[in-house]
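*Asks:* Sequence annotations record features per position, and here TrEMBL assigns transmembrane segment to B:29-48, B:89-112, B:124-144, B:172-195, B:231-251, B:278-299. What TrEMBL lists as domain 'ABC transmembrane type-1' is B:85-299.
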Amino acid sequence: MQRRTRLVLAPLAAGALLGLALTACTPGATTTGAGAAPDASTELTTDDITLTLMSTPESGAATEATIAAFETEHPNITIEYSQTNYEDYNQSVNLNLSSDQSPDIVLLNAVANTVKNKLVLPLDDYADLYGWNDFFPANQLNQWRVADNGTTLGDGGALYAAPAGFSLVGTYYNKAIAAELGIDAPTSLTEFEAALKTANAAGALPVQVGNAEGHAAFVVQLLGQGASGADTANAWAFGHAGATFDTEANHDAAQTLADWQTAGYLGDPTTVNGTDLQGAVDNFIGGKGLFLVDGIWDAGKIGEGLGDDAGFLPFPGENITGIGTSVAYAISTQSEHPNEAAAFLDFLRSPEASEQQFAQGFMPDDPTVAVAEEGTLQGDIVAAWAEIAEADGLVAFNNNATATMNDALKAGTQQLIAGQMSVGDFIASIQADWAAAHAG
Amino acid sequence: MTEPLTRTRGESGRVTGSSRRTRRGWSSLLYLVPAFVFYGTFTIAPWVQSVWLSFWEWDGIGAATWAGFENYIKVATDERLVVALRNGLGFIVFYTVFPVILGLLVAAVIAARPRRGSGFVRTVLFLPQILPLVAVGVVWRYLYAADGPINQVLRAVGLGDVARAWLGDFTWAYPAVGVIGTWVTTGLCMMLLLAGIQKIDPSLYEAARLDRCGPVRQFWHVTVPGVRAEIVVAVTVTLISALASFDIVYVTTGGGPGYQTIVPGVLIYKLVFTSNEVGLACALATVLSAIILVFVAVIGRIGRRGA
């Protein structure tokens, strides 16, 4: 018996030692400094070179066509495109950037810890050379400006990514149901709530919400920033010191969502929490719901499903605001050809690239190519985008305020809708998550 | 059962001389080397590494800082982590208790009166075991949906009031996910126990019948003691899958609604890939594996004491 024990223990101990030998050092590589990178310049090499670019199918939908146009203009530069689905992409992008075979250009979905670990290049020299700061409204670039601490975003930080196109969250509505109930497109929150009441009284579902993945957070954010204005909302979403979620506007917003729930405007709370976003879109297309708060990434599907009955509005509020972010690309610190990569980033705002983005349902960098027939869904979206830009009302996603905010908002709104959590506790839980990431 | 045999062999070995025995021992160890190298590289080393990482604060990319036992303190105090551990323990009811009881009953019925169709029943019950758990999760998410088949059936039979989006319900989401676990593991338990029952000497049943034992008493006094070893195996295997559950929860609810169905497996995954808290994730994983080891050791001991 004793002998057998020893036989088992010896290899175990040896294995443990082997494991320790492999790992007994501080985890994590010390970041390799970039090699002697050439100075930023708009003059490109005449040698034949190949750049690699990584993206996701949704965000990269227009990118392949853009690459082809770029290669025609620069015959000596080849760009190899590869894509991974959204979740896998986000989990592997930093590992790819820190590996020996880092791609030159990467899609950046969130700043996360990419900038903190110096995995991508600051682009301010290129922004100056190419004049990006004059081309883009400030709030379109601020989402990719990062302060020295690596987490605080917004004005004053260094620029780390260049936009290829924009998404926008607003309000879809079913024109057929609205006409039947004699409801005009609401332009204020009062009119909006009156419409909800009318629809509910007539037995139609006022708002279609799918909160299995936490998308009711869009409603809370839009209600909140509609009252507080875009600047206050952005300061929080960007992690600015002293910002807080615990504001009257956000209390009212969360309370309004809870009230809508109680009034029956969202339908059965369990169904809301048990339906995901695509399920909600399907329901909305099937005629269940006067309104649906969602991003323009679903415009194609909704336009196809509802045809002429589909309409889109900026979410009504005291201030005209929208939630939006850009599909944006960054350059790896390890890229051997940063100048050529930057030339591609600049090409993203060209009319050719912009047309491709618009065709894929994104709002293009160059707004002049966004032309759509008035009265159509795309026409409504273009008009809403212009209205929000005019009001300087674009706000970053609250979901991206911290790495864990999406989970916090998902759990919080689910509890709020099911009546499992008070408005005060909801606000506190969101602010606690924010404070843990942006302390100090 | 093999105890006495080994002992005899050991004693005879000692008589013939210890030097030959030792040599034979060493050469037989050589045969273990290839397997051990694999096991060491892909199981032990990563495990030791994750224990080591649990003492650091590390975002997965940059330089790490020594954290000592800070991560373990968080595991014991962070409400979300405690809820996850509690949910994982609760799944033992659905992954282990129900399947072993159900599996035992079904196996006893099939074994007592083999008839046409019992092979079919066996296959159907075992089927979930060979499906990828992600596919199982996707199918059940559809079954449980607000307009899914389960609710359609409920409405058809006049139980429309009970119909709900099961996975979105704060009360029902947890048992709903648990039932999927029961569905998956019952087949495995049934197969294991059926094999055990078929090993029981038929004369024991005959003797029981002569003593005027009905089917129920035969089950309690012959079948259950006869499959004790198999029950220990079934409990061990399913207990591990309960505590280490990930796929089904991740695919069906992602831990929601709220944190109603969060389990350690999902939380570990989120800590690593969403919030980049690799050290904390490793601490939770270490605690989880320690709990599993304790459970397995206890079950093994109970099983041996009875044998």
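Please read every residue number as a count from 1 along the shown chain.
Cβ from N, Cα, C; glycine included.
Help me picture where these features are in the structure shown.
*Replies:* Away from its own ends, the transmembrane segment (B:29-48) comes close to residues 289 of its chain (Cβ-Cβ under 8 Å, at least six residues beyond either end).
Listed as Cβ neighbours of the transmembrane segment (B:124-144) (distance under 8 Å, sequence separation of 6 or more from its ends, same chain) are residues 106, 150, 165-167, 176, 180, 183-188, 190-191, 247-248, 250-252.
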*Asks:* Under 8 Å between C-beta atoms and at least six residues away from its ends: which parts of the chain pack against the transmembrane segment (B:172-195)?
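*Replies:* Distant Cβ neighbours of the transmembrane segment (B:172-195) are 87, 90-91, 93-96, 98-100, 102-104, 106-107, 110-111, 122, 125-129, 133, 136-137, 140, 144, 164, 166, 227, 230-231, 233-234, 237-238, 241-242, 245, 248-249, 252-253, 256-257, 260-261.
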